[in-house]
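Record features, source Swiss-Prot:
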{"type": "TRANSMEM", "residues": "17-37", "note": "transmembrane segment"}
{"type": "TRANSMEM", "residues": "59-79", "note": "transmembrane segment"}
{"type": "TRANSMEM", "residues": "94-114", "note": "transmembrane segment"}
{"type": "TRANSMEM", "residues": "123-143", "note": "transmembrane segment"}
{"type": "TRANSMEM", "residues": "177-197", "note": "transmembrane segment"}
{"type": "TRANSMEM", "residues": "204-224", "note": "transmembrane segment"}
{"type": "TRANSMEM", "residues": "238-258", "note": "transmembrane segment"}
Amino acid sequence: MWIHPMPDPVALSIGPLAIRWYGLMYLAAFAQFIWLARIRIKQPHIARAGWKKEDIDDMLFYGVLGVIIGGRLGEVLFYDPSYYFSNPLEIFKVWKGGMSFHGGFLGVLLAMSIWARRQGRNVLDVWDFIAPMVPLGYAFGRLGNFINAELPGRIADASLPWAMIWPNVDNLPRHPSPLYQALVDGLLMFILLWLFARKERPRMAVGGMFALLYGSARFFTEYFRMPDYEVHFAGITISAGQMLSVPLIVLGIVMLLIAYRKKPA
(Lines of atoms letter the chains of each structure in order from A and count residues from 1; the text may use other names and numbers.)
(Lines give C-alpha, C1' and ligand atoms only; values in the text may rest on other atoms or scores of the structure.)
Protein backbone atom coordinates (compact mmCIF):
# COMPACT_ATOMS: atom_id res chain seq x y z
CA MET A 1 0.00 0.00 0.00
CA TRP A 2 1.13 3.53 -0.79
CA ILE A 3 0.62 6.88 0.88
CA HIS A 4 0.02 9.91 -1.30
CA PRO A 5 3.16 12.07 -0.96
CA MET A 6 1.12 15.31 -0.80
CA PRO A 7 3.75 17.39 -2.63
CA ASP A 8 3.82 21.15 -2.43
CA PRO A 9 1.43 22.41 -5.15
CA VAL A 10 4.01 25.11 -5.94
CA ALA A 11 6.68 23.61 -8.19
CA LEU A 12 8.93 26.65 -8.31
CA SER A 13 9.02 30.13 -6.79
CA ILE A 14 10.77 33.03 -8.50
CA GLY A 15 10.54 35.97 -6.15
CA PRO A 16 6.84 36.67 -5.61
CA LEU A 17 5.91 34.48 -8.60
CA ALA A 18 4.70 30.99 -7.69
CA ILE A 19 4.66 28.44 -10.51
CA ARG A 20 2.25 25.64 -9.64
CA TRP A 21 2.35 22.04 -10.80
CA TYR A 22 -1.23 22.32 -12.01
CA GLY A 23 -0.30 25.20 -14.29
CA LEU A 24 2.75 23.32 -15.57
CA MET A 25 0.54 20.37 -16.50
CA TYR A 26 -1.71 22.66 -18.53
CA LEU A 27 1.36 24.14 -20.19
CA ALA A 28 2.50 20.62 -21.07
CA ALA A 29 -0.97 19.87 -22.46
CA PHE A 30 -0.88 22.87 -24.78
CA ALA A 31 2.72 22.07 -25.83
CA GLN A 32 1.82 18.51 -26.79
CA PHE A 33 -1.14 19.84 -28.78
CA ILE A 34 1.22 21.98 -30.90
CA TRP A 35 3.68 19.10 -31.32
CA LEU A 36 1.03 16.56 -32.38
CA ALA A 37 -0.77 19.06 -34.60
CA ARG A 38 2.46 19.71 -36.53
CA ILE A 39 2.80 15.97 -37.04
CA ARG A 40 -0.84 15.68 -38.07
CA ILE A 41 -0.70 18.37 -40.77
CA LYS A 42 1.96 16.27 -42.53
CA GLN A 43 -0.42 13.33 -42.92
CA PRO A 44 -1.40 13.21 -46.62
CA HIS A 45 -5.18 13.45 -46.16
CA ILE A 46 -4.78 16.37 -43.73
CA ALA A 47 -2.36 18.20 -46.04
CA ARG A 48 -4.83 17.79 -48.91
CA ALA A 49 -7.48 19.51 -46.79
CA GLY A 50 -5.31 22.63 -46.73
CA TRP A 51 -4.22 22.67 -43.09
CA LYS A 52 -1.13 24.82 -42.48
CA LYS A 53 1.24 25.43 -39.57
CA GLU A 54 -0.12 28.97 -39.19
CA ASP A 55 -3.57 27.55 -38.45
CA ILE A 56 -2.28 25.74 -35.37
CA ASP A 57 -1.09 28.81 -33.45
CA ASP A 58 -4.26 30.75 -34.26
CA MET A 59 -6.47 27.82 -33.30
CA LEU A 60 -4.56 27.23 -30.06
CA PHE A 61 -5.38 30.74 -28.83
CA TYR A 62 -9.10 30.05 -29.20
CA GLY A 63 -8.70 26.57 -27.74
CA VAL A 64 -6.91 27.82 -24.62
CA LEU A 65 -9.71 30.29 -23.93
CA GLY A 66 -12.32 27.60 -24.50
CA VAL A 67 -10.61 25.10 -22.19
CA ILE A 68 -10.02 27.52 -19.32
CA ILE A 69 -13.34 29.37 -19.41
CA GLY A 70 -15.46 26.32 -20.24
CA GLY A 71 -13.59 24.03 -17.85
CA ARG A 72 -13.93 26.42 -14.95
CA LEU A 73 -17.59 27.23 -15.60
CA GLY A 74 -18.28 23.51 -15.92
CA GLU A 75 -16.69 22.89 -12.51
CA VAL A 76 -18.80 25.68 -11.02
CA LEU A 77 -22.12 24.71 -12.60
CA PHE A 78 -21.89 20.91 -12.81
CA TYR A 79 -20.14 19.94 -9.59
CA ASP A 80 -20.31 22.49 -6.76
CA PRO A 81 -22.56 25.46 -7.64
CA SER A 82 -23.64 26.15 -4.05
CA TYR A 83 -20.03 26.59 -2.87
CA TYR A 84 -18.99 28.86 -5.71
CA PHE A 85 -22.14 30.96 -5.58
CA SER A 86 -21.49 31.46 -1.86
CA ASN A 87 -17.81 32.26 -2.56
CA PRO A 88 -17.85 33.91 -6.01
CA LEU A 89 -14.23 35.08 -5.87
CA GLU A 90 -13.14 31.42 -5.74
CA ILE A 91 -14.41 31.02 -9.30
CA PHE A 92 -11.45 33.02 -10.58
CA LYS A 93 -8.79 31.08 -8.63
CA VAL A 94 -8.10 28.62 -11.43
CA TRP A 95 -4.57 27.93 -10.15
CA LYS A 96 -6.03 26.06 -7.18
CA GLY A 97 -7.39 23.38 -9.51
CA GLY A 98 -10.95 22.44 -10.25
CA MET A 99 -11.61 22.13 -13.98
CA SER A 100 -14.40 20.11 -15.55
CA PHE A 101 -13.51 18.22 -18.72
CA HIS A 102 -17.13 18.23 -19.86
CA GLY A 103 -17.22 22.00 -19.41
CA GLY A 104 -13.91 22.35 -21.22
CA PHE A 105 -15.28 20.15 -24.01
CA LEU A 106 -18.24 22.48 -24.51
CA GLY A 107 -15.97 25.52 -24.26
CA VAL A 108 -13.64 24.18 -26.95
CA LEU A 109 -16.59 23.30 -29.21
CA LEU A 110 -17.83 26.88 -28.97
CA ALA A 111 -14.35 28.35 -29.44
CA MET A 112 -13.64 26.14 -32.45
CA SER A 113 -17.03 27.04 -33.95
CA ILE A 114 -16.08 30.72 -33.75
CA TRP A 115 -12.64 30.04 -35.22
CA ALA A 116 -14.04 27.88 -38.02
CA ARG A 117 -16.59 30.54 -38.96
CA ARG A 118 -13.89 33.21 -39.11
CA GLN A 119 -11.68 30.97 -41.26
CA GLY A 120 -14.46 29.79 -43.55
CA ARG A 121 -14.02 26.16 -42.48
CA ASN A 122 -16.62 23.57 -41.58
CA VAL A 123 -16.62 23.19 -37.79
CA LEU A 124 -16.96 19.40 -38.14
CA ASP A 125 -13.70 19.31 -40.11
CA VAL A 126 -12.04 21.36 -37.39
CA TRP A 127 -13.24 19.00 -34.68
CA ASP A 128 -12.06 15.98 -36.69
CA PHE A 129 -8.64 17.63 -36.94
CA ILE A 130 -8.15 18.49 -33.26
CA ALA A 131 -9.82 15.46 -31.62
CA PRO A 132 -6.73 13.16 -31.68
CA MET A 133 -4.67 15.79 -29.84
CA VAL A 134 -7.09 16.12 -26.91
CA PRO A 135 -6.61 12.85 -24.92
CA LEU A 136 -2.94 13.39 -24.02
CA GLY A 137 -3.74 16.92 -22.87
CA TYR A 138 -6.46 15.43 -20.68
CA ALA A 139 -3.90 12.98 -19.24
CA PHE A 140 -1.63 15.87 -18.22
CA GLY A 141 -4.60 17.53 -16.52
CA ARG A 142 -5.29 14.40 -14.50
CA LEU A 143 -1.63 14.22 -13.47
CA GLY A 144 -2.07 17.76 -12.17
CA ASN A 145 -5.09 16.60 -10.19
CA PHE A 146 -3.04 13.77 -8.70
CA ILE A 147 -0.18 16.06 -7.68
CA ASN A 148 -2.74 18.36 -6.03
CA ALA A 149 -4.25 15.32 -4.24
CA GLU A 150 -7.58 16.03 -5.93
CA LEU A 151 -10.24 13.56 -7.09
CA PRO A 152 -9.47 10.73 -4.63
CA GLY A 153 -10.70 7.28 -5.55
CA ARG A 154 -13.27 5.08 -3.92
CA ILE A 155 -12.23 2.82 -1.07
CA ALA A 156 -10.12 -0.10 -2.32
CA ASP A 157 -9.18 -3.49 -0.92
CA ALA A 158 -6.07 -3.11 1.23
CA SER A 159 -4.49 -6.04 -0.63
CA LEU A 160 -4.48 -4.06 -3.89
CA PRO A 161 -0.76 -3.40 -4.53
CA TRP A 162 -1.30 0.17 -5.72
CA ALA A 163 -4.00 1.13 -3.20
CA MET A 164 -3.20 4.52 -1.74
CA ILE A 165 -4.01 6.45 1.41
CA TRP A 166 -4.91 10.09 0.77
CA PRO A 167 -3.99 11.91 4.03
CA ASN A 168 -6.19 14.88 3.10
CA VAL A 169 -9.24 12.58 3.02
CA ASP A 170 -8.85 9.79 5.60
CA ASN A 171 -6.67 6.79 6.46
CA LEU A 172 -8.46 4.29 4.23
CA PRO A 173 -6.89 2.66 1.15
CA ARG A 174 -8.27 4.16 -2.04
CA HIS A 175 -7.92 3.79 -5.78
CA PRO A 176 -5.56 6.38 -7.35
CA SER A 177 -8.37 7.36 -9.71
CA PRO A 178 -6.65 10.35 -11.39
CA LEU A 179 -3.91 7.95 -12.54
CA TYR A 180 -6.52 5.50 -13.84
CA GLN A 181 -8.14 8.28 -15.83
CA ALA A 182 -4.80 9.57 -17.11
CA LEU A 183 -3.97 6.07 -18.39
CA VAL A 184 -7.37 4.95 -19.71
CA ASP A 185 -9.23 8.14 -20.65
CA GLY A 186 -5.95 9.75 -21.69
CA LEU A 187 -3.09 7.56 -22.92
CA LEU A 188 -5.07 4.51 -24.09
CA MET A 189 -7.68 6.67 -25.79
CA PHE A 190 -4.95 8.71 -27.51
CA ILE A 191 -3.38 5.56 -28.98
CA LEU A 192 -6.71 4.25 -30.29
CA LEU A 193 -7.88 7.58 -31.68
CA TRP A 194 -4.53 8.48 -33.24
CA LEU A 195 -4.40 5.14 -35.07
CA PHE A 196 -8.01 5.60 -36.21
CA ALA A 197 -7.34 9.13 -37.48
CA ARG A 198 -4.20 8.23 -39.43
CA LYS A 199 -6.38 7.14 -42.34
CA GLU A 200 -8.79 9.38 -44.17
CA ARG A 201 -12.24 9.08 -42.60
CA PRO A 202 -15.65 10.51 -43.49
CA ARG A 203 -16.51 13.89 -42.02
CA MET A 204 -17.57 13.56 -38.34
CA ALA A 205 -16.05 10.08 -37.96
CA VAL A 206 -12.99 11.11 -35.94
CA GLY A 207 -14.97 13.56 -33.80
CA GLY A 208 -17.67 10.93 -33.29
CA MET A 209 -15.11 8.30 -32.33
CA PHE A 210 -13.63 10.73 -29.80
CA ALA A 211 -17.02 11.35 -28.18
CA LEU A 212 -17.82 7.63 -28.06
CA LEU A 213 -14.41 6.56 -26.71
CA TYR A 214 -14.14 9.31 -24.12
CA GLY A 215 -17.73 8.94 -22.91
CA SER A 216 -17.30 5.17 -22.57
CA ALA A 217 -13.87 5.36 -20.91
CA ARG A 218 -14.98 8.05 -18.47
CA PHE A 219 -18.15 6.14 -17.59
CA PHE A 220 -15.98 3.11 -16.72
CA THR A 221 -13.25 4.90 -14.74
CA GLU A 222 -15.85 6.81 -12.72
CA TYR A 223 -16.55 3.55 -10.88
CA PHE A 224 -13.14 3.98 -9.19
CA ARG A 225 -13.43 7.69 -8.40
CA MET A 226 -15.09 9.06 -5.28
CA PRO A 227 -18.14 10.82 -6.76
CA ASP A 228 -18.73 14.53 -6.28
CA TYR A 229 -22.40 13.63 -6.04
CA GLU A 230 -24.60 10.81 -7.28
CA VAL A 231 -27.81 10.71 -9.27
CA HIS A 232 -30.51 8.13 -8.54
CA PHE A 233 -32.85 7.20 -11.38
CA ALA A 234 -35.10 4.15 -11.83
CA GLY A 235 -33.20 2.21 -9.20
CA ILE A 236 -29.83 3.01 -10.79
CA THR A 237 -27.16 5.12 -9.11
CA ILE A 238 -24.57 6.90 -11.24
CA SER A 239 -22.05 9.62 -10.52
CA ALA A 240 -22.19 13.14 -11.90
CA GLY A 241 -19.33 12.28 -14.27
CA GLN A 242 -21.20 9.25 -15.59
CA MET A 243 -24.37 11.28 -16.05
CA LEU A 244 -22.44 13.84 -18.12
CA SER A 245 -20.76 11.07 -20.14
CA VAL A 246 -23.97 9.43 -21.35
CA PRO A 247 -24.81 12.29 -23.78
CA LEU A 248 -21.27 12.04 -25.17
CA ILE A 249 -21.70 8.32 -25.84
CA VAL A 250 -25.03 8.95 -27.59
CA LEU A 251 -23.55 11.86 -29.56
CA GLY A 252 -20.60 9.73 -30.66
CA ILE A 253 -22.84 6.89 -31.87
CA VAL A 254 -25.10 9.30 -33.79
CA MET A 255 -22.12 11.05 -35.41
CA LEU A 256 -20.57 7.75 -36.49
CA LEU A 257 -23.86 6.49 -37.91
CA ILE A 258 -24.28 9.68 -39.91
CA ALA A 259 -20.64 9.65 -41.04
CA TYR A 260 -20.81 6.08 -42.31
CA ARG A 261 -24.35 6.07 -43.64
CA LYS A 262 -24.56 4.62 -47.11
CA LYS A 263 -24.92 7.17 -49.86
CA PRO A 264 -28.03 6.70 -52.00
CA ALA A 265 -27.28 5.12 -55.36
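Each residue, glycine too, has its Cβ placed from N, Cα and C.
Remember, predicted model here, so these are calculated numbers, not experimental data.
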Contact between the transmembrane segment (238-258) and the transmembrane segment (94-114) (3 or more Cβ pairs under 8 Å, separation 6+) = yes
Selected stretch (most C-beta pairs under 8 A with the transmembrane segment (94-114)) from 17-37, 59-79, 123-143 = 59-79
Positions whose Cβ lies under 8 angstroms from the transmembrane segment (123-143), at least six residues beyond its ends = 25-26, 28-30, 32-33, 36-37, 40, 46, 49, 51, 59, 63, 99, 101, 108-109, 112-113, 115-117, 151, 178-179, 181-183, 185-187, 189-190, 193-194, 196-197, 201, 203-207, 209-210, 214
